[in-house]
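Asker: Handing you a structure now.
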Amino acid sequence: MNLKLQLKILSFLQFCLWGSWLTTLGSYMFVTLKFDGASIGAVYSSLGIAAVFMPALLGIVADKWLSAKWVYAICHTIGAITLFMAAQVTTPEAMFLVILINSFAYMPTLGLINTISYYRLQNAGMDIVTDFPPIRIWGTIGFIMAMWVVSLSGFELSHMQLYIGAALSAILVLFTLTLPHIPVAKQQANQSWTTLLGLDAFALFKNKRMAIFFIFSMLLGAELQITNMFGNTFLHSFDKDPMFASSFIVQHASIIMSISQISETLFILTIPFFLSRYGIKNVMMISIVAWILRFALFAYGDPTPFGTVLLVLSMIVYGCAFDFFNISGSVFVEKEVSPAIRASAQGMFLMMTNGFGCILGGIVSGKVVEMYTQNGITDWQTVWLIFAGYSVVLAFAFMAMFKYKHVRVPTGTQTVSH
């Protein structure tokens with residue numbers, strides 16, 4: 001099989017299995033299993049708990065002892081088993097435990113798939129910068145397609161979404177076994193555990209600007225978790241109104257939500273221009289403003305014609321909110337730190353956004369939703385306005401505290417890291 005096609009299938013399956021349940025599990029737990037907001041928040045925070053340390057730990061295993069191919073296959077085997085078990089779970093405590101174990105297995109694969117892809121491309125004499133992005137985009141396509149399949153199959157509120165995820169995980173394991181062997185690098189054999197775990201990057205907190213940047217990374221990472229947890233659940237809440245129960249938005253909430261991912265792929269293309277023209281601080285400010293709009297538009301959106309326009313606009317600005325912080329933030333880290341700790345600093349950035357930010361967003365937003373839910377009815381407008389208010393506070397705090405003087409460079413020389 002052609003190398004690029006092989007890696008495209010790998011990326012497609014990696015994110016297709018995640019897309020089958022990540023944005024709809026909250027709806028299934030809230031509507032079908034009747035979990036409260038705090039319980040749902042706890043389940044989703046498990047992704048953050050796993051993201052704090054598991055990628056680094058299994059990255060070390062793949063670097064020093066066991067081929068990345070086999071670590072990757074073992075992780076997805078565990079993932080298939082736990083998703084199969086999750087489909088049969090009906091209590092918050094059991095769901096938290098099963099999804100936590102699943103997260104321990106899945107989160108490291110986000111880095112391992114890059115390791116596998118980079119090695120194969122470099123071994124074939126290809127350029128990662130030019131050849132990898134067109135491969136990675138198939139991951140986003142897979143995520144979107146899974147959302148559509150689950151929605152059109154009527155499984156958004158069903159445990160069947162988890163069976164689909166388990167089946168896709170099993171298929172991915174079998175496909176991984178067909179890949180060529182990837183040798184253990186052993187390049188880090190003489191490094192200390194402190195260096196291997198990326199703990200050297202904690203020294204960056206001595207730099208005031210970097211410390212502020214990482215703290216805001218966590219606070220903004222929390223906003224992404226809010227969307228993953230409750231966006232789909234919110235759209236399904238309109239089925240309690242007879243006027244909206246049969247509307248396309250309620251019946252196929254995942255398809256509407258997938259506009260967010262489509263927008264994300266388009267906004268990536270604008271990052272080089274905005275970074276070179278306006279600088280990291282202004283680009284990140286645009287991201288925070290986009291989060292304000294994301295939540296405010298949700299607050300006033302509904303399945304009416306005008307409300308639908310507001311909901312679609314909310315999905316579109318999500319692409320800006322996500323990319324202008326996550327991608328631009330990665331570029332900022334790349335340019336600000338010394339080459340010696342660049343990889344550790346990138347790991348720190350991911351730890352703050354996908355780890356601690358995920359935990360914070362899961363716990364706090366779950367409590368907010370629980371607080372404004374009475375007799376199974378959630379006051380979503382108030383909930384979204386609270387999150388929008390949180391974003392407004394972040395915007396003013398970021399503007400006042402983060403100091404950065406931009407030196408404009410030609411667009412063509414701006415490097416964007418994916």
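Here the Cβ of each residue, glycine as well, is placed from N, Cα and C on the backbone.
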Asker: I'd like to check whether Phe205 and Ser338, as annotated in Swiss-Prot, sit on the same side of the membrane - that is, whether they share a topological domain name.
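Answerer: Judging by the topology that Swiss-Prot records, the two residues are on the same membrane side.
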Asker: The topological domain 'Cytoplasmic' (114-135): which same-chain residues, six or more beyond its ends, come within Cβ distance under 8 Å?
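Answerer: Distant Cβ neighbours of the topological domain 'Cytoplasmic' (114-135) are 3-4, 6-8, 10-11, 59, 62, 68-69, 72, 179-180, 182, 418.
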Asker: Do any residues, 6 or more residues outside the transmembrane segment (306-326), come within under 8 Å Cβ-to-Cβ of it, and if so which ones?
Answerer: 220, 223-224, 227, 235, 249, 256-257, 259-260, 262-268, 271, 274, 283-284, 286-288, 290-291, 293-294, 297-298, 300, 353
